[in-house]
Amino acid sequence: MWGLPNIREASSVYKRMSSREYAVVADSEGNLDPEYLENGKVQETTNPSWRLSLPHVLVATISSFLFGYHLGVVNETLESISLDLGFGGNTLAEGLVVSICLGGAFLGSLFSGSIADGVGRRRAFQLSAFPMIIGASLSASTKSLEGMLLGRFLVGTGMGLGPPVASLYVTEISPSFVRGTYGSFIQIATCLGLMASLLIGIPAKETAGWWRVCFWMSLIPASMLALAMEFCAESPYWLFKKGKPAEAEAEFEKLLGEFHTKSAIAEVLKSDRGEDMETVHLTELLYGRHFRVVFIGSILFALQQLSGINAVFYFSSTVFRGAGVPSNLANICIGIANLSGSIVAMLLMDKLGRKVLLLGSFLGMAFAMAVQVTAASSYIPSSGALYLSVGGMLLFVFTFASGAGPVPGLLLPEIFPGRIRAKAMAVCMSVHWVVNFFVGLLFLRLLEQLGPQILYSVFTTFCLAAVVFVKNNVVETKGKSLQEIEIALLPMD
């Protein structure tokens, strides 16, 4: 994991330094630190140790584990919940228990940027844990539908706040040469959380009140997140943005080691235009010079959802049941495919790059969806159609998890300038939740009216459209520092 010497011109950095920032890399007489400067250039001979930042990244991914856990916690337990709380057979109430999290998640994601910029990344993680602790406790102890809905809504707000902050934090604290690998941990943690909820929920149909245990169990990782964040580093980029260069230097040293601290500070200052303290307005993101990157991010998340991934998850139980596979085993198969794809993404993210993974993923998803279209054809024998449908579904989940799932959450914080990063992520995640909601709302009705063959053909078209969009609009960020990406995408005025 050691790279070749990387030398960067430093002259433009010093012209933009304030006296307080200049003091970080110069002595009291104004002479540049020899460790920082060699022959007029910033000297950086090796990559920093990935071990220093790894513990902080792992703590941050607990929020993603919780996200996956709460997405899946009602899958195995919904029938028991409805019977115990007196709304068994009421499909509207059951649908609300499942989907009300989406409303809370939209609200949480909408304000995630302001919260992350206002109180910092660490405190934002802790704020995301608190509603999940309170909401899960309320859901576990309630005796009414209203209490369950309120608890699920509160959990949803934490679910909406956690993922965008995790993407921000992991991007900002990771060394560039492993940033893609660390970003993949978010998707892996989500898969593990989903699988954990399914496994813990297995006894729910046979053991009275077990669903309450499932909710209580989520308090353990949520409490761990809130407590462990007290000992994690704050994002140095956020500290610089708040005018705290000395504290940022200390955090860089904690994350990268003393040898790489000076060059990391120089990189931050290189992209500083003296505007970081200005308030970012929504209008600035929706039109103006930042519109293009926000547009790319929003469309990426929209295409991710329009590819049909949630429809596949919704319909998977029916397909597997038709093949004689019990629902528990079906969920495990889907979980294994999801986790396997995420591991592939982790191994390849910093080797092949983000753009290559996205292109390969959407192409693979288009092929898998085409297999589903073929399976729905009347020309295929029923036994063959069943195998094609199951195989296409597993292939779709695998290819989604290997690129389209994890890459947008990592890529977008990389391409967004530091000044708008948190609020731009909030806008894009809000688009994600809105599209997610409408896909979930309309899928079954469209399936009834159009049939699986036409509907899956529509999803195939969206996957192919995503390939074209990625090819023409997405830039490769593999191995580049955040400052190099920012300067390349948004040249100084």
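Just so you know, glycine gets a Cβ as well, placed from its N, Cα and C.
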Item to check | 125-147, 148-170 - the range that TrEMBL marks as transmembrane segment | outcome: 148-170
Item to check | Region pair the transmembrane segment (148-170) / the transmembrane segment (52-72), three or more CB pairs under 8 Å | outcome: yes
Checklist entry - Considering pairs 6 or more residues apart, do the transmembrane segment (453-470) and the transmembrane segment (52-72) have at least three CB pairs under 8 Å? => result no
Checklist outcome for this item: Of the listed stretches 52-72, 182-204, 293-317, 386-412, 424-447, the one with the highest count of C-beta pairs below 8 angstroms to the transmembrane segment (356-380) is 386-412
Checklist outcome for this item: Here the stretch out of 52-72, 92-112, 182-204, 329-349 with the most C-beta pairs under 8 Å to the transmembrane segment (424-447) is 92-112
